[in-house]
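In TrEMBL this protein carries:
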type     : residues                                     : note
DOMAIN   : 18-151                                       : domain 'Malic enzyme N-terminal'
BINDING  : V76, L77, G78, L79, G80, N81, I82, G83, N288 : NADP(+) binding site
ACT_SITE : K94                                          : active site, proton acceptor
BINDING  : E136, D137, D162                             : divalent metal cation binding site
DOMAIN   : 163-401                                      : domain 'Malic enzyme NAD-binding'
Amino acid sequence: MDEQLRQSALEYHQYPNPGKIQVAPTKPLATQRDLALAYSPGVAAACDAIVDDPLNAYKYTARGNLVAVISNGTAVLGLGNIGALAGKPVMEGKGVLFKKFAGIDVFDIEVNELDPDKLVDIIASLEPTFGGINLEDIKAPECFYIEKKLRERMKIPVFHDDQHGTAIITAAAVLNGLRVVDKAIEDVRLVTSGAGAAAIACLELLLSLGMKRENIVVCDSKGVIFDGRDEKMDESKKRFAIRDNGMRTLKDAIANADIFLGLSGPKLVTQEMVKSMAAHPLILALANPEPEILPPLAKEARPDAIICTGRSDYPNQVNNVLCFPFIFRGALDVGATTINEEMKLACVRAIADLAMAEQSDVVASAYGDQELSFGPEYLIPKPFDPRLIVKIAPAVALAAMESGVATRPIADMDAYVEQLAQFVYKTNLFMKPVFSQAKKDKKRVVLTEGEDERVLHATQEIVTQGLALPILIGRPSVIQKRIEKLGLHLEAGKDFELVNNESDPRFNVYWQEYYALMQRKGVSQEQARRRVIGNTTLIGALMVRRGDADAMICGTYGTYRQHFDIVREVVGYNNGSQLAGAMNALMLPNGNIFIADTYVNSSPTSEQLAGITEMAAHAMKRFGIVPKVALLSNSSFGTIACESAEKMRRALSLVKEALPDLEIEGEMQGDAALVEHIRQQALPDNTLKGSANLLVMPNVEAANISYNLLRVSAADGVTIGPILMGIAKPVHILTPISSVRRIVNMVALACVDAQVAG
């Protein structure tokens, strides 16, 4: 490790607080009643319930989402036997990964104990605390014994990740490598260098997948393991000893092998050895930090080789983080008593299949220009693929249920997948009613920036989920190249309609219609023709106007006003109202709120504010939410005499007259809108109950500033919108910072709008 990296790592671990983890309460502790519920006397109720039924511990404590990462520090990463205390940063790091990728809480426990039986006793005694045990960095062969004894004694999952995590990812890489070269697992010959915990676990799992034991040759530091060899042998090695056929070295064994599996040390494989392997060899050189052979050297010797390493700077990294958070997630969620072979195999297949799916936009963003389409350099998914949890955890949970080790089976697996999706996509639960409705009657939604990579990723998601019938505007050659680059499974004419913005045959009709609209506004025929051909938002607006599309999404580049002016001119207002508005929703820790008008009206009148409020309240019902409206000002119920306060008071009167059943109050300051007791102090008999969920601002500056401040500081960027209201056809204008998920959400909303419009 170079000195600069070393110093950066030390600073990272020290500041702002030492270490990488903390414990945070999940319940409020603000009042005396909270304390009485959390501790004495209220806590006795939870204790009594667990006495009556031990499974109630999963309802009333954190046990069901709590894993122990336990180590004695005898085999820490590439550092060796450094002891329990020195290994603590690694165990904390493991806990961080559990939390980051699967939402699982972790206590790291470092134990100063080298005696395997005593260590087993210590760990087994912790069963009441945890839902699962992750054994970490315990040296072989003791790790085999310790895990075996714990699995026999404990009724919760015990998982030695160094063995089984590596084995699962390796097996997935082997499965997909064989898919690429079109070889059957039962026919291939494998040679391994290394016979430690991870290597043996890999071999056992590959046997479960169909590899033949007679096709496996194992080598350790003393050479080939064969019947009759006495030096450095143990029971796990003896299981893989071959009949003595004269082979003694790795060089002897690797000749004509289809697969090399290295879990040993650096530079043990030469180019000559690689040259001697069978056609299209699969080389898994997994020693860290330096593999058995570097990929460039292996490729130079055998250009037809497919290579995996344990390093992130080469393709096909075999990384345990692809496995352990998600196999535990599935196991915990069904109350599995163990992690059995069926669950591990389900994990292998889910990982392998995910690599063959289309590329995720999150992965594309995280890994830049790397090749991320299934093939020789992309056999297994990347750690930041958000779909890992929704693919692996359900597969593991289902395997646990089918194999009889689940104590809390999941009745509705589809609902469980949706719950996991909420971990990935924070808007998932919020958008559920909209998605469900959109799927019932798919509408034609035109996305005007069809060449944008985010739009293409969104189109893949729309097609996969069956949300709408997408229409993309763009140059066919550009769109096709980007689909291929992104590894998407999309085909123009089959999965989406493609409108060539340079030569669509309908353009002659489109520009003439646009000219008819604009001829008395200073637009000539030639200008109309050029504008239509040169502006995809204008093309989309004309498509919606003419009925060639049911709804439209635009705005991933350019300003909101530029797009809005085109939409206003071509599509027009709804029912001749001459009023439009924009609303955004934010997913906040304490609830969801909507803010209007965030983009359209600079300084709306009382009448306009009343209209915006009515439209916003109606739009909220699309999400199954009952609006509770606060009209905001710098005054609370007449405390300040100013123009904005008077405007909001007048708007309140108009809205109450138009919608007498709407729960609405105003004018008030922002804190009064969100905190009931502050509002009660200002006006005890106000009619708004609880916290407002629709905040109507006096002008666009207040709305837009408030929205963006909350988006960055409190909502973690999780938002819906902008939702455009008051336009004659379903149209929504996005902003340049829109994510793929936001585009998908707005397409679904536009589809539902189109259904309502008929």
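Just so you know, glycine gets a Cβ as well, placed from its N, Cα and C.
Sequence-distant contacts of D137 (divalent metal cation binding site), defined by Cβ-Cβ distance under 8 angstroms and a gap of at least six in the same chain, are S71, G73, T74, A75, V76, L77, G87, V90, M91, D162. Summary: among the binding-site residues (V76, I82), the fewest other C-beta atoms within 10 A of the C-beta are counted at I82. A helical conformation is recorded for K94 (active site, proton acceptor) in the three-state DSSP classification. Distances between the Cα of K94 (active site, proton acceptor) and those of the binding-site residues G78, G80, I82, E136, N288 are shortest for E136.
Taking only the Cα positions, the spacing between I82 (NADP(+) binding site) and E136 (divalent metal cation binding site) is 13 angstrom.
Listed binding-site residues: E136, D162. The one with the lowest count of other Cβ atoms within 10 Å of its Cβ is D162. In sequence order, L77, G78, G310, R311 make up the list of same-chain residues 6 or more apart from N288 (NADP(+) binding site) whose Cβ falls under 8 Å from its Cβ. Within the model, the domain 'Malic enzyme NAD-binding' (163-401) shows a mean pLDDT value of 90, rounded to a whole number. It is 12 Å from the Cα atom of G80 (NADP(+) binding site) to that of E136 (divalent metal cation binding site). A Cβ within 8 Å of the Cβ centre of E136, D137, D162, the residues given for divalent metal cation, is found for these other residues of the same chain: S71, A75, V76, V90, L135, I138, C143, H160, D161.
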